[in-house]
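According to Swiss-Prot, the Zn(2+) binding site annotation covers His75, His232, Asp236. What Swiss-Prot lists as active site, proton donor is His259.
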Amino acid sequence: MKQKTIKNKVELVGIGLHKGVPVKMELEPLEVDSGIVFYRSDLGVSIEFKAENVIDTTMATVIAKGEAKISTIEHLLSAIHAYGIDNIRISLDNEEVPIMDGSAIGYCMLLEEAGIVAQNAPKKAIVIKKSIEIVDEKKFVRVEPSERTIFDFKIDFNHPVIRQQHYKFTFSTQAYKEEIARARTFGFLHEVNYLRSKGLAKGGDLSNCIVLDESSILNKEGLRYKEEFVRHKILDAIGDMALLGMPLLGSYISFAGSHKLNHLLTKQILSDEKAYEVVSLEDKVEEAALDYAFLHEQH
């Protein structure tokens, strides 16, 4: 299995979820071993997508270099990771990634439009060798050794539409597009009002977020999946775990996990040499374990 990048440069214009201002985003190919690099075109500053560059995980994952920051990156990174792209430059002329429809499906379509090409170097992956867990009261995130890449997530909300939800996702690109990519971010009406009073969620509305009042959802079209809420948590987790710098080969298990806990988990994994092994994905067994099924791959 080879490293991959996109074939052609693509771009779009959207708005940021929290600041609500227009932003132009361009995706460009990068050479082998470049990794994922963000670029603030308005400031002329590049920011590598690495765990040590994360500065905030309160409402979204935010990375920075000096005064330059980029926020709400997790949905885009989720799609990039799910499509097996190792090397790509993401240029933005403002500080937020466009929110699109609150899910990752728009990014998937953009990546398919760009095309995906194999490069002349082997893809690498992080194989989990022992269990590592981050706990915050009842909440936890954990990775365990596994022959397949699995995301197993549970949530429990005191709300009649959500309540307890559980979803176990065995990773493949096609399954991601069908089962995970269309799950939207969600929030509660009382939280939206509070966030806006703090200058946040200015770009959020029913076109890019599931909004719930005390007893129901306000979106007239309803849900895209029965378990859309927990599926979106998996979407977020896939994007956050991309902070490892290469694909995860192991099981991710969580109850009520968050961006903060995911970030702490990636840092803990990378700080423990006995927790993981970096392997070259040239073995067919390892390749099958990740199952990047590229319907749109071009050579």
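Cβ atoms are placed via backbone N, Cα and C, with glycine included.
Sequence-ordered, the extra residues of this chain that approach the Zn(2+) site, with Cβ no more than 8 Å from the Cβ center of His75, His232, Asp236, are Glu74, Ser78, Ser103, Ala104, Ala183, Thr185, Lys233, Ile234, Leu235, Gly239.
Of all Cβ atoms in the protein chains displayed, 24 besides its own lie within 10 Å of the Cβ of Asp236 (Zn(2+) binding site). The recorded positions listed here are His75, His232, His259; among them, His75 has the most other Cβ atoms within 10 Å of its own Cβ. A separation of roughly 12 Å, to the nearest angstrom, links the Cα atoms of His232 (Zn(2+) binding site) and His259 (active site, proton donor). On a Cα basis, His75 (Zn(2+) binding site) lies 12 Å away from His259 (active site, proton donor).
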